Every structure is written in C-alpha cells, then in structure tokens.
Amino acid sequence: MEEERRVLFGKYEMGRLLGKGTFAKVYYGKEIIGGECVAIKVINKDQVMKRPGMMEQIKREISIMKLVRHPNIVELKEVMATKTKIFFVMEFVKGGELFCKISKGKLHEDAARRYFQQLISAVDYCHSRGVSHRDLKPENLLLDENGDLKISDFGLSALPEQILQDGLLHTQCGTPAYVAPEVLKKKGYDGAKADIWSCGVVLYVLLAGCLPFQDENLMNMYRKIFRADFEFPPWFSPEARRLISKLLVVDPDRRISIPAIMRTPWLRKNFTPPLAFKIDEPICSQSSKNNEEEEEDGDCENQTEPISPKFFNAFEFISSMSSGFDLSSLFESKRKVQSVFTSRSSATEVMEKIETVTKEMNMKVKRTKDFKVKMEGKTEGRKGRLSMTAEVFEVAPEISVVEFCKSAGDTLEYDRLYEEEVRPALNDIVWSWHGDNNNTSSEDC
C-alpha cells in the first residue's frame, strides 16, 4: 500500500500529503474508530538522530505539549514511534491561517478584539504553565471551522500557501518584525514579556492590515523596533491605541502584564474566558508488534511529573524542521542579496568563524562591537584598500542572520573576494543563503 493511504498502528488512516519540511512530512489523517480528522506529522528518526540533542528535544516537546492543552492551542493528541519514524498526531484545523484573512485587508475592531481575546487567553495559560511561545505571528495562528483562533505548531502553520501582500513580511519560520527588541539585542530576556510584545504587534496587524515596524532594509526596521517607532492609522479607536501603546513598550519591565491586559475595558468587552482542557489521558502511545515496523524501546516515555525549563519554547523543535528562513525581502533591492545568510550556529560561533576565515585570507580583522567585525585588506586595490563589515543578528532562538557589506574599496574586488573565498569558507555554518542572484549589484554600507 502506498504510504499516503496506509493505516497507522491500526488507529489512523493516513491520507493526502499536506506539506513537508527538512525532517518531516505532514499528512491528513482520520481516526478509524470515530472518524475524527487529524494532521499527522511523520518525522524521519534517522535524520533527527544526526543532530545531537534533537531526540531529547522531542521528549521535552512531548512533556511540554502535555502542559498546554487549551481550547485556543492546536492539540497534540498523541505521539507514536517505530524504529525509523516518529508520529505526532495533531488536531486538524480546517479554517487555515489568520494571516490569510488579514492579507485581504484589516479587520473590524470587534473581530480583531475577539481574536486577541482568544490569543491572550491561550498565551496566559501557556505562561501559567511555565511555557513561552516566542514566535507569535498571524502565520502561526489558525482558525477552526467555527472561526475560533488556535495557536499552531510551526510545522503546520507553514503549510498553507502565503499570498504575498505589501506591508506584511512572509517568511517560513519566523520574522524579526514580531520579535521583541530585547530579543533582537541578544540580551537575556523574559520569554513571557517577549510574547506580550509579539501580541502587541499581532493586534496592530489585525487592526491595520500591515506591520507597525516595516522597512525594506532590515537595519532600519531594527532601529524602528528598538525605538518603538510606529504610527497609528486614523481609524484606530482611542482604547485600542492606549492598549497597543502599553504592549509595544521597549523596556520589558515597563511593558503591560497579561493580568493588566485582562483588566483593560477594550479587552473585557464581550469577553468570556475559555475553560482549559482537562488532561486525563496520556499523549504517548506505543506501536503494536503487528504494525509495518517494530517499535523501538524508549521512543515514548510516560512521565508523571514532566520537567521543562522555565519559559521553554514549546514549539521550537517543529520549527527547526521547516526548510528555510528566507529574509531576502527585508533587504534593499540594490544590495547583493547573497551577502546575507542565516545560520543555525550561535552568534558567538558565527563571529569566531568569520574572524578565523578572514584572518586566513590575510586581512586585518577588528571587532567594532560584540557582534560586528570590520575586515580590511593589507594591500592597495584599484580604489584603495578593500574593507568590509559583517554583523550578526540573532533574530530568533538558535537562528542568526549575518549581513556582509563593503565599506570601502572596489566593488568588483569585493564581489570576487566574497564569491570565491568568503562564501566557500563559511559554508559549514550556513543554513541558507538568501536570494542568490548574480545579476544584482553590490551597494556600499
């Protein structure tokens, strides 16, 4: 039988392929008994095992998802495993992304309020369980058949095609546009307070139909975020303006808390808090010996007291399975876009690699900031000594964006050095190069 139609452990019939990432495929499924529709994420264990620590992340993921069962969070129903695959059986959400609704235009304030009420209720519940999401955005918020909002895992939220619209950023695994300034600055941060900032950006987008901080140039967008530099459209009500102004506060210690959000007149209007699900059955299941593959011992553990770190990102494992993190649309069209790449290495590791590589190229290397380095050639070129800078930004946990640009010297010499020496030498730390296009021209910093 073809994989798309096979029966899984005698419990689920697997149907059409919904989408796929680097490590996983997601299928439409249906319970054999009961007929409930589900989404089944199939993870290739061999590929996961090649990444140190990732199997532990799966087990932690299971424990944490058991903590956050809530009407406004996509439910993880159970996890099963064989010797070669891991299966996440998830609630199937039929209504698609909230992003798709926003892409058609801004929402009426009452509709935006309803979605925001549900978002805050779910986030508050997560925080009460010691879990922070850290990548809240409309692409990760799904709507069920009743129009109710559900916070999604990243793998599922990346499946529906995204219709490009001016004013909204479109990336598969997250965007700095929704990230709190303290996270972008690579300082220690409170995950719960960072979530509140992201909720503020989401509310603004719901009401405006565009981002509060938007610029084709990534650095300019960062500057706006660091200053909370945004404007309200004229149709925003005074109450909505007051709330957003308290959500988008740069200092996390002065940012409004969720209990205070719950007390605001704007949110309390027609608000009925949902009741959280009762956790009364184990999520982990063992595979049957009669199935297509044997069960591997230890792939699914029952824990009476799941242990998770404070404000652990409950969804980051599935996020890591997505296939790309393309930020090319954020950069100036004239800049040579292959001067930007993303890395799964830490910012510190990336900086050390850049310094080592460029020193081996006989360049003078000097750090100007913790995560910015200037490199200068030791010989005169056509237009003096070639000089370039590299800056590393951690835009999400375990994801760094690196930007190279020429600060002095001849453009052709820079292009040749970058293409023939820098890029090949950095390949082992690169997750993806962005927007390779050999016909574009470089632009100085």
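Each residue's number is its place along the chain shown, starting with 1.
Glycine too: its Cβ is placed from the backbone N, Cα and C atoms.
Per Swiss-Prot, the feature domain 'Protein kinase' maps to 12-267.
Of all Cβ atoms in the shown protein chains, 17 besides its own fall within 10 Å of the Cβ of Lys20 (ATP binding site). Positions annotated as ATP binding site by Swiss-Prot, on the basis of sequence analysis: Leu18, Gly19, Lys20, Gly21, Thr22, Phe23, Ala24, Lys25, Val26, Lys41.
Annotation source Swiss-Prot lists active site, proton acceptor at Asp135. Asp135 (active site, proton acceptor) falls outside any helix or strand according to DSSP and counts as coil. Around Asp135 (active site, proton acceptor), taking its Cβ as the centre, 24 other Cβ atoms fall within 10 Å, counting all chains.
Positions annotated as region 'Activation loop' by Swiss-Prot: 153-182.
Under the heading phosphoserine, Swiss-Prot lists Ser157.
Residues or ranges marked as phosphothreonine by Swiss-Prot on the basis of similarity to another entry: Thr171.
Among the features that Swiss-Prot reports, domain 'NAF' is placed at 307-332, with the record citing sequence analysis.
What Swiss-Prot records for 336-366 is region 'PPI', and it gives similarity to another entry as the kind of evidence.
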Between the binding-site residues Leu18, Ala24, Val26, the one whose Cβ has the fewest other Cβ atoms within 10 Å is Leu18
Students should find that the Cα atoms of Leu18 (ATP binding site) and Asp135 (active site, proton acceptor) sit apart, in Å rounded to an integer, by 22
For the region 'PPI' (336-366), the DSSP residue counts stand at 17 helix, 8 strand, 6 coil
Restricted to the region 'Activation loop' (153-182), the mean pLDDT of the model is 45
